[in-house]
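Q: Found this in TrEMBL, in case it helps:
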type	residues	note
DOMAIN	B:7-282	domain 'Phosphofructokinase'
BINDING	B:15, B:76, B:77, B:106, B:107, B:108, B:109	ATP binding site
BINDING	B:25, B:26, B:27, B:28, B:29, B:159, B:190, B:191, B:192, B:216, B:218, B:219, B:220	ADP binding site
BINDING	B:107	Mg(2+) binding site
BINDING	B:130, B:131, B:132, B:167, B:174, B:175, B:176, B:227, B:252, B:258, B:259, B:260, B:261	substrate binding site
ACT_SITE	B:132	active site, proton acceptor
């Protein structure tokens, strides 16, 4: 890799998140700024294997900063998990004269990228973009802030009807392994109880807490449940269990689902995506590889991809306590 | 009822809808304007039975026009379905000096109201307020327009992720007996297929339609399903059935649920609620009873409550055809 | 015009409005449905003169139903006001084999269209699309409903700060010759006073009304002013005048401006645009010309273009009274 | 101050910001949690002087976390700038048995608070709440994140109409002494040029930049201008100047104004307000005074009030460069 990079490829992979387009736009425009060509790869690693490439100019990415989804589409590629698949991808990149690649996504995206680097020593930098905020080495992943706003806006609506009817609502939000969305939106939406994987309070505690709420005269309640909550029941079973214990309660369940991934990105996510897109290109031009660019303590940061994947962000204890204090 | 009315009561009943607060506000302010007292009744007919009343001034209803839900709360009252219950309600109204009542709600609300009028000859006027738009005698029920906007905003978000992933989404929207929400939001959100009770196209037609979409190269699709669709399957069974026929499709289901009832009302619903609230009070002062005020052909209209309940709004054939043409 | 139409052109002209894209989409898809070609004309009548045409397929208009603005762009063409300009336009249409045209816009658009029809007997149908709702022959113009929602959402925000500070706000909204936006958003946002061209209450009445508000203890107020209000002063002069009379008031002015034209269309506007786009194509195929399609009393309607332009929609007296009653 | 605190007062002062209510709620609930009484003070320091107090329970602050504005209202008090005013305030606090106070606001609020502490040694802790983000000692002030989202949503709408018409828009946003809002929303909304106090690029540079845009074929442009921009002209004069240099441009101006202060707070601002409200109470119970609680590097932080006021947050150079790169 001693000759200067003339072309940089960019792809989005894994679950989509708001801000992916803003990140693509920043990568393309940084390439334009530094006078190198930018190649868009469609459908993530699968498009790499199939050679589904398109040269992208600053014009191609006009008016996409505010759009949800990804103009490059995303997919989960089984073929890229095989040696043969990755070889095809490498050949396509070389054939197209691509000297480095930016991969935008989360855990799975970076795992695939790491393998690719190890096998072919191909310069690759990752940009963390997932609504779950479960990547180590950045204070925020792109998309997380937007998802939080989407969820609290929906819960605000559900609270209108919950409090008009004196109802108890169980609301399931995304976050398979981490309860960041549940904890923050639970606090933000003023939920009476929050159930997250990191803090198994058990069903007894939930029953106790609902009893207390009732004693204090609270006639409607919102319980936010992380989809990965380890209480051993899904949200419908949970509702059934509570219903047995509180037969007089009018209980409803709402699973927010995929709407959490869509929508126009928040200003924060647009700016974050713009910064990280520029930083990723600059890192590649500086001969970096195998890293993820992130945003830590209000500055651009970088971390090795394997660290980004393997280490965990811990749930903040102070925030857990705030949740408890604030729901009195 | 020869003596002039000095107090008018107001209540909200049944499922809540955006604009209930705007309607309450209009009733209260019309009372103030015409120099009569307004009595708020909490929790619908149940509060009537329990005498859960509060005198409302113009100040009480400041800054509520933009709020979802209902400050008077709503409930479904089993007791009001009994003669004894209704007698208690009547006595409470007489004791409080109330001369007439405005009931804000839908079908069930008006059915209860009709019984009450027949038994006690108590002046009562209804205001149609339900997201389902299934009341005869008004072009729009209060809350319907807002619910349409809520639904298309959510489907817009889901489409972001659907088209990024080439997925097929089944989205269930409210509307137990009528497909108005599904048909309008299906068109408004650009859905590829719309399933409503009024137009049973059968599973074969759906499969055929999805096949056609695929042939035309559509790689992601949105199917909007009315919860009352008569296809004989709920939305999850439907998705399973399609999955068997299209094993290569990545199919997801989203049930929008109660968020459709909440949220800040649209300008249209706020203005409609303001008009109907004023009209209801004026009708009572004009000695009307047993009617519902509505909005027909851009004018205030009125219809007998039994007609409002028993007759149906038909799904517009022109609109069904537009749905077909537009989804090519 | 005895041979069947094989190509239909479509353009947007004048001030843009939310729903223009939804209307374009419907025209294109109706053409596809009826197996005729659709030609998009860029920048309104100016593009007609310059031959700035592009053939549009159903694919071109995917995912635009929810976008503000117009993918065909719009402009005001001085050249089309000349005979020479219109001749060029006609020649371009003939050369391209276009047999009829759909023009999407308001007053000015239809005036230009009428001249064109008279000179060249070229089949033309209009679709009313302007936020002002000032076109005769349709209950709603496309874009009006969305603009109402945009305005009330902004006034809701301003009210937050107005009531936190006990301030008096003058808010200028669009509507040069008609006060529809001001009247409806004034009611919808709970404004204390509404100033519209149709109802010159004079400055004395405004001072009197503000005095009354103060007596009733209202410490913050919102006055919605239509930009075309005939009170003889612009909104800043108005604020100055009131300031002289109420030196202790903390008065602020906000001119909402062009944001009122943008934004994702409401469900109502998307459905209306879909219906009118289909209807316009069907009318042309039925040999209609010189008409505007509209929506009246929940049905598709049509009106001659000269009537659409010359006649006025009157401000509803009942609505004026509601505004008065509701602001007590 | 050796006896334990039994009552804590809370007030909001200065310009209002989204999240003030969430902060009040957190202070009240933290007091409840720690079993002390919370006293709400109306209209900031003026209410302190007038003894306009109310005891607040957890119930009083139900359902306000999502509301813009402040239930305690805010004001700028001239009287509190006098020794006599502050003495009255002190006496009122002592009379009411208040042992400490939380002041929620910005620069001016803290300046007043500092004087009060120095004169009366009264325990006081500040919470930074202003949309301008111009307080030292916290990564974010409460309200800033929401204001950013409000602004980009509005610019997104203006861009719809700007690009439909090929127009040049000057959009003035808040930020008297600091360009944080302009810089971040300019990047977030994809503005072609951003004018902020910290970076005087001069009119020549702006003309040059617009010339370049034109050469690249950009036909519409958004220029975001901070109200405190030091270019020596207000936004209207600026537009006039550009108009002289580009007579063929269709130039419009939009001053966003007070809407930027209102609206439902973002999830981030709600959570931040909840954390800082709890932290402020805990600090007072720990005998802290004269400090502001903040949020730095994802942790609760504290800083002396005089430092919070006197020191500046610098505009990030990396961000300035991103703005330049991204607008190519």
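Cβ coordinates come from backbone N, Cα and C, glycine included.
What TrEMBL says about a protein is an automatic prediction, not a curated fact.
Map these features onto the structure and tell me what's around them.
A: Over the domain 'Phosphofructokinase' (B:7-282), the average per-residue pLDDT in this prediction is 93.
Following the DSSP three-state reduction, the secondary structure of residue B:77 (ATP binding site) is coil.
Listed in sequence order, B:209, B:210, B:213, B:218, B:221, B:222, B:223, B:327 are the same-chain residues at least 6 apart in sequence whose CB falls under 8 Å from the CB of residue B:192 (ADP binding site).
Within 10 Å of the C-beta of residue B:107 (ATP binding site) we count 18 further C-beta atoms, all protein chains included. For the recorded site, residue B:107 (ATP binding site), the DSSP three-state label reads helix.
Proximity of residue B:261 (substrate binding site) to non-local residues of its own chain (separation of 6 or more, Cβ distance below 8 Å) is seen for B:15, B:16, B:17, B:18, B:68, B:131, B:143, B:147, B:174, given in sequence order.
Cβ neighbour count for residue B:132 (substrate binding site): 24 (other Cβ atoms within 10 Å of its Cβ, all protein chains included).
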Q: Filter the binding-site residues B:29, B:107, B:109, B:190, B:252 down to the ones with a Cβ under 8 Å from chain C's Cβ atoms, keeping sequence order.
A: B:29, B:190
Q: Looking at Cβ-Cβ distances, which residues of the chain lie under 8 angstroms from residue B:77 (ATP binding site) while being 6 or more apart from it?
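A: Result: B:13, B:43, B:44, B:45, B:46, B:49, B:85, B:112.
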Q: For the binding-site residues B:192, B:259, B:261, which ones lie near chain A, with a CB less than 8 A from one of its CB atoms?
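A: Among the binding-site residues B:192, B:259, B:261, the ones whose Cβ sits under 8 Å from a Cβ of chain A are B:259, B:261.
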Q: Do any residues at least six apart in sequence from residue B:109 (ATP binding site), in the same chain, have a Cβ closer than 8 Å to its Cβ, and if so which, in order?
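A: Once residues fewer than 6 apart are set aside, residue B:109 (ATP binding site) is near B:13, B:14, B:44, B:103, B:126.
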Q: Just give me the nearest neighbour of residue B:132 (substrate binding site) among the binding-site residues B:25, B:29, B:106, B:108, B:220, Cα to Cα.
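A: Comparing Cα positions, the candidate nearest residue B:132 (substrate binding site) turns out to be B:106.
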Q: Want to know which binding-site residues, from B:29, B:130, B:176, B:190, B:220, B:252, are within 10 Å of residue B:106 (ATP binding site) at Cα; which are they?
A: B:130
Q: Which whole-number value in Å describes the distance between the Cα atoms of residue B:107 (ATP binding site) and residue B:220 (ADP binding site)?
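A: Computed Cα spacing between residue B:107 (ATP binding site) and residue B:220 (ADP binding site) is 38 Å.
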Q: To see if you understand the setup: which same-chain residues, six or more apart in sequence, place their Cβ under 8 Å from that of residue B:259 (substrate binding site)?
A: B:150, B:154
Q: Around the recorded ATP site, report the further residues of that chain (criterion: Cβ within 8 Å of the mean position of the Cβ atoms of B:15, B:76, B:77, B:106, B:107, B:108, B:109; site residues excluded), sequence-ordered.
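A: So the extra residues in range turn out to be B:13, B:14, B:44, B:105, B:111, B:112.
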Q: Cβ-Cβ under 8 Å from residue B:176 (substrate binding site), same chain, 6 or more residues apart: which ones?
A: B:132, B:227, B:228
Q: Of all the binding-site residues given, namely B:76, B:108, B:130, B:252, which is spatially nearest to residue B:27 (ADP binding site) at the Cα level?
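A: When the Cα distances are compared, B:130 comes out closest.
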Q: Using a 10 Å cut-off, grab the number of neighbouring Cβ atoms around the Cβ of residue B:29 (ADP binding site), all chains included.
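A: So the number of other Cβ atoms within 10 Å of residue B:29 (ADP binding site) is 25.
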